[in-house]
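Over in TrEMBL, the protein carries these features:
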type	residues	note
COMPBIAS	A:239-248	compositional bias 'Polar residues'
DOMAIN	A:2-83	domain 'GST N-terminal'
DOMAIN	A:90-225	domain 'GST C-terminal'
REGION	A:229-248	region 'Disordered'
There are 2 protein chains.
Amino acid sequence: MGKLRLFVDRLSQPSRAVVIFCLANGIDMEENEVDLGKGDHRKPEYKAINPMGLVPAIDDDGFYLFESHAILRYLSSAYPGIADHWYPADVKKRAQIECILDWHHTNLRRGSAGLIVNRVIGPALGRPLDEKAAAECEALLKASVKKIDALWLNESGPFLTGSPEPSIADLSLACELMQVEFLGEEFKSELVNPHPKVKHWLAAVEKALAPHFEDVHQKLKARAVMFQKRKEHGDSHPSSKVAAQSDL
Amino acid sequence: MGKLRLFVDRLSQPSRAVVIFCLANGIDMEENEVDLGKGDHRKPEYKAINPMGLVPAIDDDGFYLFESHAILRYLSSAYPGIADHWYPADVKKRAQIECILDWHHTNLRRGSAGLIVNRVIGPALGRPLDEKAAAECEALLKASVKKIDALWLNESGPFLTGSPEPSIADLSLACELMQVEFLGEEFKSELVNPHPKVKHWLAAVEKALAPHFEDVHQKLKARAVMFQKRKEHGDSHPSSKVAAQSDL
């Protein structure tokens, strides 16, 4: 049987979730970088693997799959020895995880990804910035963080639904929230600090998944610093767009 | 054990998917209407069941759950005797269904729901119409229908992934696509007719789930006709907003 192949860019939050899941669970895999900044995701050879032209995707011995939550569920179910807490077999516990995973798409993810694209990295992806859209997404992101705090974190345990150990929902949501590094440390603090439970949860995810969580976020952190510096220097010369396109 | 309670509005596409699933599988349930037009979803007694204030939600003998896909997965797994084709136990078949369910949120659903709210029913929900947003959503909806045609319908069988029988993904996506009734028969034809496989698929879903699929869509069809008539009469008098709020 061929080794599991991942197609990812560590700057993409769902890509990171899949990479970290494999590392944390000792799944033998080959990580293939699909560099979004270089447009690798639009190349025909990649579209043969994921016709949507998005990351992440996997090739499990000829079985192609995309959508990060579907991949995380699949790996949890198809690979032997994955601890139950990642994707509980109990139907009610699992249903609560599914609820969070589904909610995520049109709330935390839409808020975070939309804000970052429209306020910071759009030009690097060939799209103009759009402050009106960014403001709407920022409101959705803040409301989403508040919902996580109010609904899914409690005294029973540090992870979502009060679990003592992390699930694939913790991984997906934490990787998404980390993406706000692109908006700078100050923004991240403003977003998270009003919600101590969320702050503790994020720290608990990082600790439970050490050293992989931090390692896999290195590329994001370095790139975020670069974008912040550019912003401080007011670098809006047209050539910066070209530079950004080649290196995001 | 108490009877399963559904909290739904049949004008909502994910609500219909859950109702039809229960009827088609003979699940003994009590359907409770949460009238979106009357703002029932914002009432404290409903928020005690679903703190998001959205439909659908279920109460399964004290176990509350929201997010329609999570509900459909849960009912498929927790209730005895649900045929395997709805949510296959085989990990690869299931993964393909999961991929479609996840893709749905930010593609077909976002396109369809966004288009309808921004072009037709917004005022009835207390939101202004927004033609720029409507046009973006229309493009996403059309691209999504094209993707369904190209990626998930094939000669092997009439349902998604070429299955001979429907899954919860067929049900969710078909109920979403039916929502374009709000834009009139002409729009629906323009959207679906260029893709004969999609047209056949929609007919196959309706037939496989007869008479429930058609029955559960009656409220939508009647309301859509009303909105279309209003539009033809150019009824934009402020009082029409109040009327619409009380009857959507």
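Yeah, the Cβs are placed from backbone N, Cα and C, and that goes for glycine too.
With DSSP states grouped into helix (H, G, I), strand (E, B) and coil, the domain 'GST N-terminal' (A:2-83) comes out at 33 helix, 18 strand, 31 coil.
Averaged over the domain 'GST N-terminal' (A:2-83), the predicted model reaches a pLDDT of 97. DSSP assignment over the domain 'GST C-terminal' (A:90-225) gives 108 helix, 2 strand, 26 coil.
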